[in-house]
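Under the heading Zn(2+) binding site, Swiss-Prot lists C14, C17, C36, C39, citing sequence analysis as support. The ATP binding site annotation in Swiss-Prot covers P118, T119, G120, S121, G122, K123, T124, L125. Annotated domain 'ClpX-type ZB' per Swiss-Prot: 2-55, in sequence order, evidence recorded as sequence analysis.
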Amino acid sequence: MYKGFGDDKSQLKCSFCGKLQDQVKKLVAGPGVYICDECIELCNEIIEEELQDENTFDLGDVPKPKEIREILDQYVIGQEQAKKALSVAVYNHYKRINLGSKIDDIELQKSNIIMLGPTGSGKTLLAQTLARILNVPFAIADATSLTEAGYVGEDVENILLKLIQAADYDVEKAEKGIVYIDEIDKIARKSENPSITRDVSGEGVQQALLKILEGTVASVPPQGGRKHPHQEFIQLDTTNILFICGGAFDGIEKLIMNRIGKKTMGFNADIKGKQEKKIGETLREILPVDLLKFGLIPEFVGRLPVIVTLDALDEDALVRILTEPKNALVKQYQKFFELDQVQLEFTDDALRAIAQEAIKRNTGARGLRAILEEVMLDVMYDIPSRNDVTKCAVTKEVILKQKEPVLVTSDRKKKKEESA
């Protein structure tokens, strides 16, 4: 309570509601104005309501499929068919949320997504970018760390906890988020026939995931870990959460080729020609039956109706990934050097050598940064301590570790820094 603004306390009153000082708990003074605690509380409520309205997800805010695709193009190189399929699936998912799952007595079912593609082809990046475009909470989980309840490992509810944490514990916001479950192929059944022994990290996890994929009110332990009776739970409805499952599914192309071969043999088709297709082209012919043969259970496949396939990235695509996206690695390194007033350049041969090394290591786009870190470590260690370097050129020989980067020096820069 503020005093000293006048001898007559009754003259002090709230400039907003007009209540006198002795009618309220607190009266805060500003230059020539006063506000009481009740008006402050009311203002906070109004601001909170407006913020909630801003955060409310509205169909008008959801970009159209073409717009989603255009934004994906800024971050993800290649994978044109995958970007198209994901744009449509995501748009339809959030349209379903906003219009209600039942329209004119027709129930609109949830369309979770399964992505198949080699390591480093962009599965995780696509899922992350979609969440960024839609401004919804996003969580990544690794299927290999999951086990069914009662066994050592993570419960499937821990996936939902990551989403709640990404939403700053705003449950309503989390219920419209996106969850990406990586390495989903690693929880495939070990054999096509059901086993007598318990498969706690394979079929058991698939069974545990069924409910949250379809839509249920899950009890999520707020501190993570295993459930125990005396713990309070967060209730999270998964009906409107979009689940994207991704995996490399190594060897599934053979199952597809076997199916295609059997199907076309009676028509004297050129089976050999089909078998010579690239793996990426073969994957595009995938059907749910191939996922079943790989080891996913029918109920699990049924809850992932949208199948998206990605191609292995070739040398040209990897070079484009290095230079074209908004957050391209070359642009990032150039910015690091720019902060030390050094211009960084990569020759075309150097970029191709980096791409070739990533292909050799079979790491796809994911391995590009590791290669660059290895090559650039020494020069990034030395340059900040030198005040005469103005330019650094990286050639093919540098990538092949045959030469050091070419450094251009200038006495003018050295003198300028010394005088500063």
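Just so you know, glycine gets a Cβ as well, placed from its N, Cα and C.
Ranked by CA distance from C39 (Zn(2+) binding site), the binding-site residues P118, T119, G120, K123, T124 have T124 at the top as the closest.
Long-range C-beta contacts of C14 (Zn(2+) binding site), restricted to its own chain and to partners at least six residues apart, with a cutoff below 8 Å, comprise V24, L27, Y34, I35, C36, E38, C39. Recorded residues G120 (ATP binding site) and C17 (Zn(2+) binding site) have their alpha carbons 62 Å apart, per Cα-Cα distance. Distance from the CA of C17 (Zn(2+) binding site) to the CA of P118 (ATP binding site) is 66 Å. Across all of the domain 'ClpX-type ZB' (2-55), the predicted model scores a mean pLDDT of 77. Reported as a whole number, the C-alpha separation between K123 (ATP binding site) and C17 (Zn(2+) binding site) equals 57 Å. Reported as a whole number, the C-alpha separation between S121 (ATP binding site) and C17 (Zn(2+) binding site) equals 62 Å.
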